[in-house]
Amino acid sequence: MASFIKAWGLVIISLCYTFFIAKLVPKGIKRLILFFPVFLIFFIVPFLIYSLHLLGITAFFIAWLANFKLLLFALGRGPLSSNHKPLSLPIFLAVSCLPIKIQLSPKPTKTHSHEGSTEGPLIYTIKAVFVVLIIKAYEYSTKLPEKVVLTLYAIHIYFALEIILAATAAAVRAMSDLELEPQFNKPYLATSLQDFWGRRWNLMVTGILRPTVYEPSLQLFSVLGPNYSQILAAFGTFVVSGIMHELIFFYMGRLRPDWKMMWFFLINGFCTTVEIAIKKTINGRWRFPKAISQVLTLTFVMVTALWLFLPEFNRCNIVEKALDEYAAIGAFAVEVRRKLTAYLF
């Protein structure tokens, strides 16, 4: 915990530096150069943390999201620059280092299938209970088929990530009264790969990859025409996402990458671009029934995840490390309760 506090203290100091630099230096190359030391610090910070959970959160929040947000901010773009008035320092710090984005437009009316998730505390409590049950099931992983264990990993990732992101957004919303954009949008209801990756799964990542990778690539390849530029930009976005996922697992496992996770995103990216091309060709003249599209989409994502993405958790011993941390937390809680009982009675 001490290493985590020191690491995040360094993060806060670095963000304060960028905040005040932006007051003095206009957007552009000069500001970008002055931000460069912060980019390096944010890539190094996860190495200072020993707890698997705190390391994973820091790698995602800081090494990936915060660095990408600051890159955009240096150029006068992104969530740190897109407000009508400059952000105050506390709001700047929150938006920089947390997976949140201020919703600028009024909350849309629920008139279509892509509205943000409106799940309440009860649903998140149920999901938290499922996470606890899954963690308990890991104790019997040696007796379960490998694919069953990997499927439990997938459910664990989805529920845990959704709970962490929703809790973070709820805390910021309660303290600042800001309206924030949703984090997930029922990815299990996706009707296509484009729908799953672009509109439903981990929308914070989608929202930061769009201005940092997709839109610049779209402009770069515009000489090839709108169809080819969109396909190449979409594929490039998956490439960058794959690299960042490999980096996060390198932080957590400290093992040389075998690039299977990269292949997961390359395959999903390639198939998504093929899907986009087919949609443009048929131009809405024919489509699968919605239920069949949902089953095919979820099946494809799960099959490729079971093949390439989820086995990386075993290779990096992430589950074993996580169980050790849960046991340590449980032992600490028992010790605290024992001391409190002895003190009070």
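Glycine too: its Cβ is placed from the backbone N, Cα and C atoms.
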Per Swiss-Prot, which of 86-106, 317-337 is transmembrane segment? 86-106
Beyond the flanks of the transmembrane segment (231-251) by 6 or more, those residues with Cβ under 8 Å of it: 46-47, 55-56, 59-60, 63-64, 197, 205, 209-210, 212-215, 217-218, 220-221, 224, 257, 259, 261-266, 268-270, 272-273, 276-277, 312, 316
Comparing 1-21, 32-52, 120-140, 148-168 for Cβ pairs under 8 Å with the transmembrane segment (86-106), the winner is 1-21
Can we call the transmembrane segment (1-21) and the transmembrane segment (54-74) in contact, meaning three or more C-beta pairs below 8 angstroms at a sequence separation of 6+? yes
Taking pairs 6 or more apart in sequence, does the count of Cβ pairs under 8 Å between the transmembrane segment (291-311) and the transmembrane segment (148-168) hit 3 or more? yes
